[in-house]
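J.: According to Swiss-Prot:
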- Ser11, Trp12, His32, His33, Lys109, Ala144, Arg259, Val283, Glu285: NADPH binding site (BINDING)
- Lys109, Gly140, Ser142, Lys195, Asp248, Ser258, Arg259, Asn260: sn-glycerol 3-phosphate binding site (BINDING)
- Lys195: active site, proton acceptor (ACT_SITE)
Amino acid sequence: MTKIAVLGAGSWGTALANTAAENGHDVRLWTHHSDQAVEINHNKTNTKYLPDATLSEQLFATDDMAVAVKDSDIVLCVVPTKAVREVAKQLADTLAQLNHQVILAHATKGLEQGTYKRISEMLSEEIPETYRSALVVVSGPSHAEDVIKHDLTAVSIGGSDENATKLLQRVLSNKTFRAYTNHDLLGSELFAALKNIVAIGSGALVGLGYGANAQAALLTRSLVEMRQLGLAMGAQEKTLYELAGIGDLIVTGMSPNSRNYRAGLGLGQGKSLKQVSDDMGMVIEGVNTTKAVYDFSQQYHVDMPITKAIYQVLYDNKPLSEAINDLMSRPLKSEDAL
């Protein structure tokens, strides 16, 4: 039995913690909110984030990070990008007080606002190597709402430490949740962030009344942009065509369960970005990621017309119809060109 602390009791953190608990592991789910911990422990529910789910009897929640982390083999951080540094600082202090080293994992898909750093870079800066034996990422096509219902799901666990990725693989895998491993931490994180941009565009197309043809064209042409930027930044090309890349792109770009897709849907229906954000009441990671990747495209001299169009809609108030018209009116090219 492996001891695992999951930091963050949102929908995805709860779903991953519940999966590991159902697999027979000692799982402690940390939350900022004491009332949420009480609900999870007493009612075996998390109604704010997974209203229809009944959680494992083996899942224990706490608002005390030291209780969650003590003697753990793995700490899995599953908080929004904007909260990663704050939680990482608290985790570093907790590990120092406990004088304890763990395998550090995360399942957050995004880039830091302002610095555009990947999650692993943020965690590495805040948590000394003394307290982390390895750093890995969980990515791939996985909506929490489906995982908690035991829908068939496959994810990828990326990192250079094979012992660490294989341990987390064993902790999470069962008959309905299958984890694979890869060695490309950078690519796994980068592609997980990039697909959020595409999901906004895909949702916007549906909101405007376009059909599957338009969505398929968007997703396929976006793959070309993702490939070019990924290679420029040091990702492995094969990762793009695996679960962390195209797998995540498909599920996020086609499913109403995706908050980025829903954000795009609202924009396509004529709502402002502020209205969409207020209506959802949740973090839309793709909005910040769009600005980051637009800046990356200029820094690495990669032409990314779809990303540029979505950036102009989000940040320059360019009408969606005009952005689409500009994309469709570009000079005709070979399919392998941007």
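Any Cβ shown, glycine's included, is placed from N, Cα and C.
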J.: Please state how far apart, in Å and to a whole number, the two most distant Cα atoms are among Ser11, Trp12, His32, His33, Lys109, Ala144, Arg259, Val283, Glu285, the recorded NADPH-binding residues.
T.: 23
J.: Any idea which of the binding-site residues Asp248, Glu285 has the thinnest Cβ neighbourhood at 10 Å?
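T.: Per-residue Cβ counts within 10 Å for the binding-site residues Asp248, Glu285 bottom out at Glu285.
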J.: Taking Glu285 (NADPH binding site) as the reference, which of Gly140, Ser142, Asp248 (the binding-site residues) have a CA within 10 A of its CA?
T.: none
J.: Could you tell me which three-state DSSP class Asp248 (sn-glycerol 3-phosphate binding site) falls into?
T.: helix
J.: If you draw a 10 Å sphere on the Cβ of His32 (NADPH binding site), how many other Cβ atoms land inside?
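T.: Here the count is 16.
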J.: Using the residues the record lists for sn-glycerol 3-phosphate (Lys109, Gly140, Ser142, Lys195, Asp248, Ser258, Arg259, Asn260), what whole-number Å value is the largest Cα to Cα distance?
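T.: The span, Cα to Cα at its widest, is 16 Å.
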J.: Within a 10 Å radius around the Cβ, which one of these binding-site residues has the most neighbouring Cβ atoms: Lys109, Lys195, Arg259?
T.: Lys195
J.: Determine, using Cα-Cα distances only, which of these binding-site residues is closest to Lys195 (sn-glycerol 3-phosphate binding site): Ser11, His32, Lys109, Arg259.
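T.: Spatially nearest to Lys195 (sn-glycerol 3-phosphate binding site) by Cα position is Lys109.
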J.: What Cα-Cα separation, expressed in whole Å, is found between Ser258 (sn-glycerol 3-phosphate binding site) and Ser11 (NADPH binding site)?
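T.: That comes out at 12 Å between the alpha carbons.
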J.: Of the binding-site residues Gly140, Ser142, Asp248, which sits closest to His32 (NADPH binding site) by Cα distance?
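T.: That would be Ser142, nearest by Cα distance.
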J.: Relative to the Cβ of Ser11 (NADPH binding site), which residues of the same chain, six or more apart in sequence, are found under 8 Å away?
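T.: Asn46, Tyr49, Leu50, Ala144, Glu145, Ile148 - these are the non-local Cβ neighbours of Ser11 (NADPH binding site), listed in sequence order.
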